[in-house]
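Scroll down for the structure; my scribbles are underneath it.
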Amino acid sequence: MNVTTPEVAFREYQTNCLASYISADPDITPSNLILQGYSGTGKTYTLKKYFNANPNLHAVWLEPVELVSWKPLLQAIARTVQYKLKTLYPNIPTTDYDPLQVEEPFLLVKTLHNIFVQYESLQEKTCLFLILDGFDSLQDLDAALFNKYIKLNELLPKDSKINIKFIYTMLETSFLQRYSTHCIPTVMFPRYNVDEVSTILVMSRCGELMEDSCLRKRIIEEQITDCTDDQFQNVAANFIHLIVQAFHSYTGNDIFALNDLIDFKWPKYVSRITKENIFEPLALYKSAIKLFLSTDDNLSENGQGESAITTNRDDLENSQTYDLSIISKYLLIASYICSYLEPRYDASIFSRKTRIIQGRAAYGRRKKKEVNPRYLQPSLFAIERLLAIFQAIFPIQGKAESGSLSALREESLMKANIEVFQNLSELHTLKLIATTMNKNIDYLSPKVRWKVNVPWEIIKEISESVHFNISDYFSDIHE
């Protein structure tokens, strides 16, 4: 059966590959198909365009990242397949099977077999495509789990009228390399270059920006009456090109990041439009040049009073502020100390019993280094060292009166409770600290190594916001 190949910008080769692999005939359609490409390369978009262009192909979409682990994914497969078939063939009497009973892969095979048997009255065989969008984002994914999925078709009856076909979209090539011997058909989606990114953004966003209410409102305020839709489109296209040119070195070819900047900057760009410069791209750019000098994102404290950062009204309105909790700030400070201060100094700096030891043994030899450690890559450290230093520097304010019996019962150190690990997870999500593992991170595992991912200037700003003098901890080491 012939299939329709949709037109997708800069993805002609990929759509032709999909047309070769995906069809309504189960005899020529492979049981497993992989689409590999990094975020923002158009895997999901191209696949959706392909199925929209071929309505005779029946597909079920699942996103494993939303299901977290393998057991909910198994249950979601049973539930969605059963519902899809009932929707496609409402006249066939069927028995409902409880998807919550699917707790193991072999139970999924049993459930699918029972579901497919009910459709043996169909005249022709048909394909049901199960699309697992972002399969390698599953939290507890291991090498054995993917093997069970790609072998699932071998456990189902060959003469079944319903043939399930799996399509996986994945980000990392390192995951696929483990299964290279299985010879699974794979379609690669390379990154877009800067010209392709600009073209895609203009094609996808111009219409939306033209219809934005802030542009229409500005046109009415400035009493601009002699402007056509083509000229509105030129204004939007010029703005998108300026965003790409100004921030490409910051975002790379990440379409999602550029889209966020477009949404953030567009209302402010529109506010600079006047009757005199709307037809003059250069004049409009000069009037709004401050928008393209920075992302207007800064890390600062939202506090009031003497410690608040004083800014003028215009700068305050044109900026976003992100505030970390006190625990997150001290964890980040402790991470920097762990990455740039050698472990042999920990006892002399943080121990409360160093005063018992006399002489050089109390503090060790602290020789000024030839190269400032801040100019080097951060060192890796274990979670135990991070928590120990965090406990030593985190201020504990007792609620009881000093010297009272209640004060004796209070803890003198901050405990590594669930709140601490929640803040640690937040810092990892924000990429402020990094690990040697890309996913499935066990925050309590001694095998995981950590490192700080922010420069000295940011750490100094954060430490000043909590009145912590981090420079004292690097005396005679940092220049």
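The chain as shown is numbered from 1 upward.
Just so you know, glycine gets a Cβ as well, placed from its N, Cα and C.
Residues annotated as ATP binding site in Swiss-Prot: G37, Y38, S39, G40, T41, G42, K43, T44.
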Site of maximum Cβ density within 10 Å, from binding-site residues S39, T41, T44: T41
ATP site shell beyond G37, Y38, S39, G40, T41, G42, K43, T44, criterion: Cβ within 8 Å of Cβ centroid: T169, L171, F189
Cβ neighbour count within 10 Å of Y38 (ATP binding site): 15
In the chain carrying K43 (ATP binding site), residues 6 or more apart in sequence that have Cβ under 8 angstroms from it: L35, Q36, G37, T169, F189
CB within-chain contacts under 8 A for G40 (ATP binding site), separation at least 6: R191, Y192, N253, D254, I255, F256
Reduced DSSP assignment, T41 (ATP binding site): coil
Local Cβ density at G37 (ATP binding site) - other Cβ atoms counted within 10 Å: 20
Same chain, 6+ residues apart, C-beta under 8 Å of the C-beta of G42 (ATP binding site), given in sequence order: V8, F10, R11, Q14, F189, Y192
